[in-house]
Amino acid sequence: DIEKNFAHVYVSVVGFCVSLILLICSLVIFFKFRQLRCDRITVHKNLFVSYIITAFCFVIYLSVVSFGDGVLMENPVWCQVLHVITQYAVVSNFSWMFCEGLCLHTLMMHTFISGNSLIIVCLIIGWCVPLVLTGIYAGLRATLTDNTKFCWLSESSLQWIMFAPVVFSMLINIIFVINIMRLLVTKLKQMPEAAQTRKAVRATGILIPLLGLQFLVFIKRPNDKDSTLYDVYTYAVAIVVSLQGSFVSVIYCFCNHEVVTLLKRRWHQHRAMFRGKHARTQSSTNSSTTYTFIDFVSNQPCLDKTSRC
């Protein structure tokens, strides 16, 4: 199957590399500006870190398994460990998508809940719960000889230990989105302008990639591997999964009004400082040149030790 689907592997690797670049740039921006330090951005940071870990693990795993000579047949221990780490990264990634929905819904429904307690809950759900689920999965699968061959690449029913909670969390995210839409509709009744309606629809629409709801479309895979539908499904999954980090980083960082405003302000400050420095340098150079010329004509020694005579 891997030899047959090399094209899908290339698409996935390229997509994950693009996502890595954009996500790292987004994290640098989030950590650079103190104005962006708030609970909402803290959850975004952790989500982006989970995307980076997932993309990095997938690039290594796909490259080693797909292009490594004899790795599948040799089935080394490090390859099995890499599979488990990749599974943890995936579950953690979806857990932080759930945390995004939980955080947004909680802040809208319960305004007076402490932000610190909410962040602590998200940290436990996002990093600790996937560790427990992956550990149980790895421990059980390691005891079954038939499921430990070929770097654990073959699918196993034991993976539902991790992915059943993931699917359940996505269903809860759907409930969160429906309730958020209900709240928006209720508020729009008080100000039924067309512009406000468009903003509400757009705000709800951009929650779909943030919460990973588009993955619900790809839960069921076609059974016939020789069909055109199966190829379309495989390419679609490769593109959506690998570029998911890119979508989120573009929407919630590079298209964020606060981020754009801060970047513009910093760029204008940089240009102003550069122009001022250039002007001071030019003025200093002209003064130095004038003094040197006068000193040369009068044949007097330099009184200013800093000037170039």
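Cβ atoms are placed via backbone N, Cα and C, with glycine included.
Annotations in TrEMBL come from automatic prediction, not curation.
Pulled from TrEMBL:
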- 8-256: domain 'G-protein coupled receptors family 2 profile 2' (DOMAIN)
- 6-31: transmembrane segment (TRANSMEM)
- 43-64: transmembrane segment (TRANSMEM)
- 84-105: transmembrane segment (TRANSMEM)
- 117-140: transmembrane segment (TRANSMEM)
- 160-180: transmembrane segment (TRANSMEM)
- 200-220: transmembrane segment (TRANSMEM)
- 232-255: transmembrane segment (TRANSMEM)
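Residues 9, 12-13, 16-17, 19-20, 23-24, 26-27, 30-31, 71, 79, 82-83, 85-86, 89-90, 92-93, 95-97, 99-100, 103, 119, 122-123, 126-127, 242, 244-245, 248-249, 252-253 of the same chain lie 6 or more positions beyond the ends of the transmembrane segment (43-64) yet place their CB under 8 Å from a CB of it. Contacts between the transmembrane segment (160-180) and the transmembrane segment (84-105): present, as 3 or more C-beta pairs lie under 8 angstroms, all at sequence separation of six or more. Take the transmembrane segment (84-105) and the stretches 6-31, 117-140, 232-255: counting Cβ pairs under 8 Å, 117-140 has the most. For the transmembrane segment (6-31), the list of distant contacts is 41, 44-45, 48-49, 51-52, 55-56, 58-59, 62-63, 66, 234-235, 238-239, 241-246, 249-250, 252-254, 259, 263: same-chain residues at least six beyond its ends, Cβ to Cβ under 8 Å. In the predicted model, the domain 'G-protein coupled receptors family 2 profile 2' (8-256) shows an average pLDDT of 85.
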